[in-house]
Structures are given as C-alpha cells and as structure tokens.
Amino acid sequence: MRVLNDTISKVINYKFTDYAILEEALTHPSVNKRNSEDQVVSYERLEFLGDSVLNMVVSVMLFKMFPEEKEGALAKRKTDLVCGSTIANVAKEIELGNFIIMNNSERCNGGKCNLKNLENSLEALIGAIYIDGGLESVEKFIIRHWEKLAKDILDPPQDPKTSLQEWTQRNKLPLPKYELVKQTGPAHNPEFTISVCIESYDKVSACAPSKKIAEQKAAELILEKIKKTT
C-alpha cells in the first residue's frame with residue numbers, strides 16, 4: 001500500500017498518512033473485503049462523505065468566483081460541476097481507474113473504465129483526503145481540478161430536464177412524464193432505463209448508472225427530436 005500511496009500521490013498531488021483510508025477509498029464493493037471486526041471494507045461510506053464535501057467546496061468556490069450571480073444561476077453551475085459525468089471525467093483525467101481495486105469479474109467486465117465506478121471512487125478519494133488531511137487539503141485538490149471547469153462555463157448551464165419542462169410550458173402542453181422502464185445489473189453497479197413522454201411525440205428512453213442521469217439523457221434525446229420537427 002505504501003507503493004500505491006507513492007504512485008497515486010504523484011497523480012493527485014497529495015500523500016496519505018493513513019494507508020488504510022486510502023485503501024478503503026480505492027476498494028470496489030466486488031472485492032468483498034472485511035476488516036478485523038468483520039465489517040465490509042469498500043469505498044461506499046467514503047463515497048457518501050466525499051459527495052457532501054465536493055458539493056460544499058464547489059459551492060464556496062462558485063460563491064467567490066461569481067459574486068454578481070443570483071442563487072438560481074449558481075445552483076445551475078453547481079449542478080453541472082458535481083454531476084456524475086463531470087466527476088467521472090475528472091477521474092478519467094487523473095487515470096483513477098488504474099488504481100481501483102476490484103475482483104477479476106468486475107475487471108473483465110470493464111470495471112476500471114465504468115463511469116459509475118470512476119465517479120464513486122473519486123468521491124470516495126475526496127472523502128478520504130478530507131479525513132486524512134482535513135478541509136484545506138481537500139479544498140486544494142478539488143479547486144485544482146474543478147476551478148478550470150467552472151471557468152469554462154461562460155453562462156449558467158440549462159439542464160435538459162429544465163429545458164424540456166420550459167418548452168412544454170411555453171407551448172401550453174402537459175409537463176413531461178418520466179417512468180422507470182427497468183433496472184438491471186448488480187446492486188453495486190446498476191443500470192436504469194428511463195422513458196419520457198410528452199404530448200404529440202413518441203416516448204423516448206435512455207439508460208444510465210443513475211435515475212437522475214437517465215432522465216437527463218432521455219430529456220436530451222426528446223429535445224433533439226423536437227428540434228428536428230420544429
């Protein structure tokens with residue numbers, strides 16, 4: 001684990017003092033590892049913590065970067081910066097998949113490239129840095145990777161679900177209806193298929209590792225259909 005710490009520290013520019021917390025942050029649930037108290041060791045608990053830490057640090061960062069913007073605009077920026085796809089892209093940028101510890105089955109099924117695994121492990125790593133080094137250390141890591149993303153967003157982004165809802169309201173149509181079509185895959189790596197339906201258009205479906213992302217993808221697909229017919 002010391003070798004892993006030395007290697008990953010060069011990538012994330014942070015060196016852990018607690019090797020155990022680093023190992024926990026990088027351990028996929030498929031390993032089914034247990035500690036001396038027979039408790040499962042995986043990145044899931046740290047993922048929960050890291051999600052909250054990321055949201056807080058990004059919120060403060062945006063508050064300082066855009067002093068003239070109202071709450072709604074800041075919220076849209078934050079939603080875009082902390083969504084699953086953005087987190088996964090940052091994880092890919094630092095090649096975090098190379099460090100995730102998983103069983104052979106998960107690895108053979110592309111687990112090291114799986115976007116949900118990348119998202120979860122990066123959130124866990126953020127949680128681990130917070131526990132090991134405190135708020136200042138984790139702020140440096142997050143700002144190093146997210147500040148440039150925030151600067152690239154010239155205007156507050158509009159998510160597809162909001163855009164679709166506003167389109168239906170402008171055209172005096174009923175609001176979009178989203179429905180869970182099916183859920184597949186194991187509990188630690190699920191895949192959700194969500195459909196969306198609006199009046200005068202055929203139902204459209206999309207798949208993603210979370211219901212929220214699947215809804216956004218479905219909304220984006222139906223917006224593309226609307227653009228082609230108007």
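Glycine residues also receive a Cβ, built from the backbone N, Cα and C atoms like all the rest.
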Looking at Swiss-Prot, which one out of GLU37, GLU44, GLU47, GLU199 binds Mg(2+) in the same site as ASN120, GLU123? GLU47
Residue, out of the recorded positions GLU47, ASP51, GLU123, whose Cβ gathers the largest set of other Cβ atoms within 10 Å: GLU123
Rounded Cα separation (Å) that holds between GLU47 (Mg(2+) binding site) and GLU123 (active site): 5
Neighbours of the Mg(2+) site GLU47, ASN120, GLU123: Cβ within 8 Å of the Cβ centroid, same chain, sequence order. TYR43, GLU44, LEU46, PHE48, GLY50, ASP51, GLU119, SER121, LEU122, ALA124, GLY127
With every protein chain in view, how many other Cβ atoms are within 10 Å of the Cβ of ASN120 (Mg(2+) binding site)? 30
Write down the Cα-Cα distance for ASN120 (Mg(2+) binding site) and ASP51 (active site), rounded and given in Å. 9
